[in-house]
Amino acid sequence: MLLSDRDIRAEIDAGRLGIDPFEDSLVQPSSVDVRLDTLFRVFNNTRYTHIDPAKQQDELTSLVEPSPGEPFVLHPGEFVLGSTLETCTLPDDLAGRLEGKSSLGRLGLLTHSTAGFIDPGFSGHITLELSNVANLPITLWPGMKIGQLCLLRLTSPAEHPYGSAKVGSKYQGQRGPTPSRSYQNFIKLS
């Protein structure tokens, strides 16, 4: 079941759902707007000949931060990682779904490639997979509304929520745009 604005506010007021910093004006009829943080991860295209999800490639990306008051410019065809300004903490009976903003999608900005799902129990900044599919550069301003977080109530609390020892939650507590850690659970078939 998708939470309404009144349910979202009730979860926040009860201290079960954490969105920090929180502004009530960001609550929409069935979502909460999230804003863009100041940090970005850009790909170092000259460090590797290819991306291998089975290997740890620490120098694949570099962390960059625009000067205060300046935007990050995302050029056509480029892909970078960003993150939400807000730290989001979900209880064990709520899952999240990050969606893009329609107004930004109409400009050619994709907010996530595939990873828009947030497990119950997750706590941290949500990493954004930002792509420009337009024909012109797009300026990304830290603090701008970048997406909307929809919240779904589970039929029962998760037995092993994200962050529990059994799950192997490699992104729990992440701060800023976090690079892929796919190598930590990659299994090659023989």
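Backbone N, Cα and C atoms are what each Cβ position is placed from, and that goes for glycine too.
Features reported for this protein in Swiss-Prot:
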{"type": "SITE", "residues": "G116, F117", "note": "site 'Important for bifunctional activity'"}
{"type": "ACT_SITE", "residues": "E129", "note": "active site, proton donor/acceptor"}
{"type": "REGION", "residues": "162-184", "note": "region 'Disordered'"}
{"type": "COMPBIAS", "residues": "171-184", "note": "compositional bias 'Polar residues'"}
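Taking the Cβ of E129 (active site, proton donor/acceptor) as reference, residues of its chain lying under 8 Å away and at least six apart in sequence are, in sequence order, F79, L81, L110, T111, H112, S113, T114, A115.
Summarising the environment of G116 (site 'Important for bifunctional activity'), the number of other Cβ atoms within 10 Å of its Cβ, over all protein chains shown, is 18. Shown in sequence order, A95, G96, R97, L98 are the residues of the chain, 6+ apart in sequence, with a C-beta less than 8 angstroms from the C-beta of F117 (site 'Important for bifunctional activity').
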